[in-house]
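For 66-293, the entry in Swiss-Prot reads domain 'Radical SAM core'. The feature [4Fe-4S] cluster binding site is assigned by Swiss-Prot to 81, 85, 88. Per Swiss-Prot, the feature [2Fe-2S] cluster binding site maps to 125, 156, 216, 288.
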């Protein structure tokens with residue numbers, strides 16, 4: 001009798017918690033109001049089906065739910081970075097087998113952009129492993145932006161921290177997006193990186209916004225953080241004024257030789273929840289299913305699309321880590337009857 005009573009109490013308590021989560025989520029702030037971390041955590045706590053249903057509703061209000069954008073990311077300068085980001089094999093602080101390379105020349109970048117466009121990408125991102133770009137590096141990157149944009153591709157670069165005048169020069173060159181991720185919540189951040197402050201990141205995003213460039217800003221999950229840190233990251237992003245136009249959500253790719261190698265993997269459904277919460281809190285953003293996709297099976301990727309992801313990075317590599325082959329992506333999208341934006345291929 002006592003055991004049955006305990007089971008009943010446990011059942012009632014669990015149901016009460018679920019109902020509480022529903023009530024809090026229903027009372028979440030209207031768009032434009034601030035998201036408290038508790039509000040975001042309440043979304044994470046919803047039953048999985050309820051969360052995905054709500055995310056899909058929000059997604060359909062702002063996007064065609066059966067269309068995704070294909071993006072390609074090219075490392076234009078690999079390795080030798082001064083930062084000590086615990087997840088990154090390009091850091092000079094870690095022995096991950098990535099050799100420092102010079103900045104690619106313009107023609108090689110343009111060849112890669114042409115190939116990306118031919119394969120259906122409408123967005124071309126260029127990443128350089130710098131703490132911040134030096135003057136001698138910025139002008140070649142500006143040339144890359146101009147030439148890639150002239151091909152009709154949406155352009156994005158990620159070069160590290162930017163000064164206000166550097167952001168303005170990139171804007172003048174026609175840059176569409178600048179990527180600078182927050183990585184995680186302010187509270188967990190110090191466990192991942194020590195060479196750049198959270199405020200440094202926010203300052204760069206501010207310079208990008210002031211220059212009139214679209215902001216691409218997201219984070220990485222699966223770095224050993226608690227759900228509260230994931231909620232804190234989403235709250236930080238959603239409370240930007242305005243929130244980012246582009247929100248990449250990365251699942252940690254563990255690389256031998258980096259401090260985060262061996263971290264316990266994130267529950268796959270928790271990753272889907274993160275996508276869904278990003279969609280609900282930032283309804284008009286492009287939510288990009290980014291690093292870590294190579295380790296995801298097709299069913300998990302399909303759930304991410306259901307949760308509101310509407311962009312994938314397309315091509316064999318994301319900077320230095322693996323990514324699904326393009327033909328696998330095309331086959332998956334075809335099976336799901338999902339169209340690639342602007343591509344009839």
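Placement of Cβ uses the backbone N, Cα and C atoms for every residue, glycine included.
Positions of the features from Swiss-Prot, shown on the structure.
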| residue | record | contacts (Cβ under 8 Å, 6+ apart) |
| --- | --- | --- |
| 125 | [2Fe-2S] cluster binding site | 71, 72, 73, 74, 155, 156, 157, 158, 177, 179, 313 |
| 216 | [2Fe-2S] cluster binding site | 156, 158, 177, 178, 179, 180, 244, 245, 246, 247, 248 |
| 288 | [2Fe-2S] cluster binding site | 71, 218, 246, 247, 248, 249, 309, 310, 311, 312, 313 |
In the domain 'Radical SAM core' (66-293), averaged pLDDT is 90
So for residue 88 ([4Fe-4S] cluster binding site), how many other CB atoms are inside 10 Å of its CB? 27
Relative to the mean position of the Cβ atoms of 125, 156, 216, 288, the recorded [2Fe-2S] cluster site, which additional same-chain residues have Cβ within 8 Å? 71, 73, 123, 158, 177, 179, 246, 248
Reduced DSSP state (H/G/I helix, E/B strand, rest coil) at residue 288 ([2Fe-2S] cluster binding site) is strand
Structural state of residue 125 ([2Fe-2S] cluster binding site), classified by DSSP into three states: strand
In which DSSP state, out of helix, strand and coil, do we find residue 216 ([2Fe-2S] cluster binding site)? strand
Let me check the 10 A CB neighbour count of residue 81 ([4Fe-4S] cluster binding site). How many other CB atoms are there? 23
Within 10 Å of the Cβ of residue 156 ([2Fe-2S] cluster binding site), how many other Cβ atoms can you find? Include all protein chains, please. 24
